[in-house]
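Below: one structure, written as structure tokens.
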Amino acid sequence: MKFKHLDRQYEEIKDQIHQAITDVLESGQYIQGENVKKLEKELADYTGSKFCITCANGTDALTLCLLSIGINNQDVVFVPDLTFVASAEAIVQAGGIPFFVDVDLETWTISPEDLKHKIKIINEETDLIPKAVISVDLFGNPADYDQIRQICKEHNLKLIVDGAQSFGSEYRGESTLKIGDFSTTSFFPAKNLGCYGDGGAIFTDDPEYANTVRSLCFHGKSLTESGIYERVGMNSRLDEIQAAILRVKLKHFEEFEKNQIQKNAELIRNLIQENSDKAHNNMNLSVQKIQKESNPVLSQFSILFDSEEQRDWVKKKMEEEGIPAQIYYLFPLLMQQAYSVYDLNLLRLKSEQMNRNSRSISNRILSIPFDAYLSDSEINQIIQVVFQIRLCLSEFRNQ
Ligand SMILES: *Cc1c(COP(=O)(O)O)cnc(C)c1O
């Protein structure tokens, strides 16, 4: 068993992928051709966004959004403490200051209460300017957008949805990639919609932002006059081969993978519920809460144990049985060496930035193998090993 079965996916779509790559090779057009244009149209249609601009990866996608808003070293961008490092890295690369917000203990996404609290701290205790919020749909689970949107509106903050992990997920019946002033996603191979290399995309309904992002992707060039550079940009493009691959995979995602991922998530949830009901020793495993407004396509399935000790015991047991398990994320970002400086910058706020929930979750979380290609019997096997935790609990008691 693998953590993600990209090999099984490839077996199913092999012929179409080979044909798509061959067609690009024979066309003689490798950058900015028909495939990129068609993919952008297909992705805009799929998400319901007016504009889609593809780029080199999901990290650039975030950086490009921030650059097009225009932020400087007095501007604060709020970001959850429990996320992949790229969500915060983009803020620093674009020239702003990341301010880490705690996550909700049940949904594991950015906490609206703590966001309000952190905005208040910046407004009352610093000369810095609150500029934007990056919300992350962690593991594919949509953030609490009713509240986040309201807070952004009240405080005049731009909302950027980091949907790198949530392609296909919906909130109140629409794609989360349509929710932000900007939304972004990543086509890294292991994401919900992945290519065979790196890729990313930006979604927006605002024509002006769309034009600025498109210009920034091409070294800041004018979109109307050739040879004219209007701003300092980047080189961040998706290539034709990856675009052709993504067009095949988008179809397969819509027709097969999305349903299968949702079916597998349901099966795992039910098995965990049944086994917990049967256990008599006050065992307490929890899974990510899905809000009633949300219809997620999960990219990871994670389980929260009672303690770090229990989590590490199960991880070891799984590895012994040949089941790869991963810890996302080993540390919240404020505890990472590279980002702890953003605590020191605001030294007197140190205690305020503890972000208790993020720390507690990272100590106790474990992600199990999860994708569209796991069989029911493999899922049963995984859950059986998880529930060997009972043995561990009685071992502890007998000591
Ligand atoms: C993967 C990921 C990114 C970055 O995407 P890349 O394509 O790898 O640059 C950004 N944010 C989150 C939450 C991610 O999981």
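Even glycines carry a Cβ here, placed using N, Cα and C.
Around the Cβ of Lys191 (active site, proton acceptor), a 10 Å sphere holds 21 further Cβ atoms from the protein chains shown. Following the DSSP three-state reduction, the secondary structure of Lys191 (active site, proton acceptor) is coil. Residues or ranges marked as active site, proton acceptor in TrEMBL: Lys191.
Annotation comment: TrEMBL describes Lys191 as N6-(pyridoxal phosphate)lysine.
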